[in-house]
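Let me begin by presenting the structure, written as structure tokens, before commenting on it.
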């Protein structure tokens, strides 16, 4: 009856949760370029050449705009507006052409800083009446009024720039970390900033070339992302022995708007050979994005895309999106992945980035009759944490491909406003990009290194080589229900144990064991509860609560592991008490009582101290480590916050230390082991036996997943069996402890109505 009620309560809790989705602090660093060899150059040229060279080097340094890399998905830098200067951060967006910043009065706008037009001596409105505007982006709308003022980018001042002052942002736009947005596309996209800021910059500063380049850092927590105005960083090319490969920008409706380029084909690496591919769009694909253009090289293509710094992911025409996902999933599953389209995104489990196929984009070259190719490997367009990978792709309703930050992090990109072309830096030693002849129309083009390393699925798991969307989606839902059910069982079970102990009276000799069981059950309760809270707060969209939940879970998880260790230590102490004075009623000497209070106080202090230190580190470093891996149903809250080192330090090392401690304890009590399995009325003996079974519970919950993982690794069991069985034992630890507590006479050795029980037995009268 009790267990049926427990299952009913757990099932009802599942109905409260729906699955949902993903801070890494990144630095800003100013780098001066092209200045290292200044002295040697001056010694080799004439005085006039010295001045010329010095001016070029200084100009190159002045045109360098450092960018902040936020979560590897937003890159933004600082500009200044008005007199006196007011600093704001903007996303330099090649997918739009207007400049706007938030108004001082906009309390609900994203970012941190605001522009106050009343405090600028040079600001003026375009007319006596405020002229309103509204702009719509892929992620939402903004609205406001516009005016005119001076804008400074690094050391370059631009006069009389018309820009927007936003007093309304849709909620989806408030996720921007930048304050505003500065469009760097062509004049054809401009709504009120005529001409766009960069065009005004090169008009007012004739010394600048009409080009700019973006370098986006590949790694989180790394400095070096930059926008280079009026040129590019030659040293960056020289370091990788790279050259620019150019393709022409394609006009739209007879004018230049986006930085659009024409694809010859887009192909996905095939299953049979690294040299053959499946054509997603382009010649011979049989599908298209409903827009055909003719490139300057008279090569007709079916695919159009634009290179956009304001898009984080890789955009795919919506009509081609599922086709692309199918090919990716078929390739990944053939290598042991377990793929499906979940509520959050397209995800694959039990795999890594190398298990995904390369995607190759072929374009017509501007300067040669040869065509160009640029490839993205699996790790380039996936985000993997442990064994779960998310494809960084999104459908694009504009029916064009979007080469966003995912693509640009791999290829240093040059935008040439004068020649209407885009250049991608390609190393001569790189097999992922290069040129090929126009007659080469089939297969994935390989560079200087045609061989592809063999790919092994993680833990040797092999899945069917076909993709069944309904089955995979259903399996994902089944797993979520399974995980939520057993974690809720642990929540309820731990609560019942803690409730049965809280406020109950025990004799002095039983107090330390009672407190350990109470604290351990409370820690298990809090640990599982934080998982639920992380999902609930994501549903409400309150990401700060999500962060608070994993800081709290770090505290609860560390507290839980420490208390398990204390249980093992208490087991050894209780063993010594049982063996040295097995059935004596004179063990409550003053010395024994003082020792008991000392180690009881030490256990509690140690657990709380370590939990607090772990929580402080979690908050300071923005990480969560007390999770076995992040391929669980709550991973969206912890994504990018649970690096491998954190899980090793806060989860695997404490767990293994407890295993070692248990091994030493069992070696110590091995001779007494047969008697440990029998009942006895002595209170010390019963406490010893209770602690021993709690220790066995830890071995069951954390030892079995290791054994199952080994069996999975040697291909004895399937990946599905490994996933369900290992998570069952991790999620059911609260249930196991409750089963031990309520299914024996152990609690009778702890609880009592008075301290004056006969024979020193701490029994609860009437139970």
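Cβ coordinates come from backbone N, Cα and C, glycine included.
The range from 585-605, 690-710 that TrEMBL describes as transmembrane segment is residues 690-710.
When TrEMBL is compared with the stretches 722-742, 743-763, the one noted as transmembrane segment is 722-742. Counting Cβ pairs under 8 Å that are 6 or more residues apart, the transmembrane segment (554-573) and the transmembrane segment (722-742) reach fewer than 3 and are not in contact. With a cut-off of 8 Å between Cβ atoms, the residues of this chain six or more beyond the transmembrane segment (690-710) that come close are 459, 513, 516-517, 520, 564, 567-568, 570-571, 574, 628, 655, 658-659, 662, 665, 669, 676, 717, 721-722, 725-727, 729-730, 732-733, 736-737, 740, 744, 746, 749-750.
Among the active-site residues 93, 308, the residue whose Cβ has the fewest other Cβ atoms within 10 Å is 93. The two recorded residues residue 308 (active site) and residue 93 (active site) have their Cα atoms spaced 7 Å from each other. Listed as Cβ neighbours of the transmembrane segment (516-534) (distance under 8 Å, sequence separation of 6 or more from its ends, same chain) are residues 13, 16-17, 487-488, 490-491, 494-495, 497-498, 501-502, 545-546, 549-550, 552-553, 555-557, 559-560, 563-564, 566-567, 570, 603-604, 607, 626, 634, 637-638, 690-691, 694, 731, 733-734, 737-738, 741, 750. Listed by sequence, the residues of this chain that lie at least six past the ends of the transmembrane segment (648-669) yet keep a Cβ under 8 A from its Cβ atoms are 554, 557-558, 561-562, 564-565, 568-569, 571-572, 575, 614, 625-628, 676, 692, 695, 698-699, 702-703.
In the three-state DSSP scheme, residue 93 (active site) is classed as strand.
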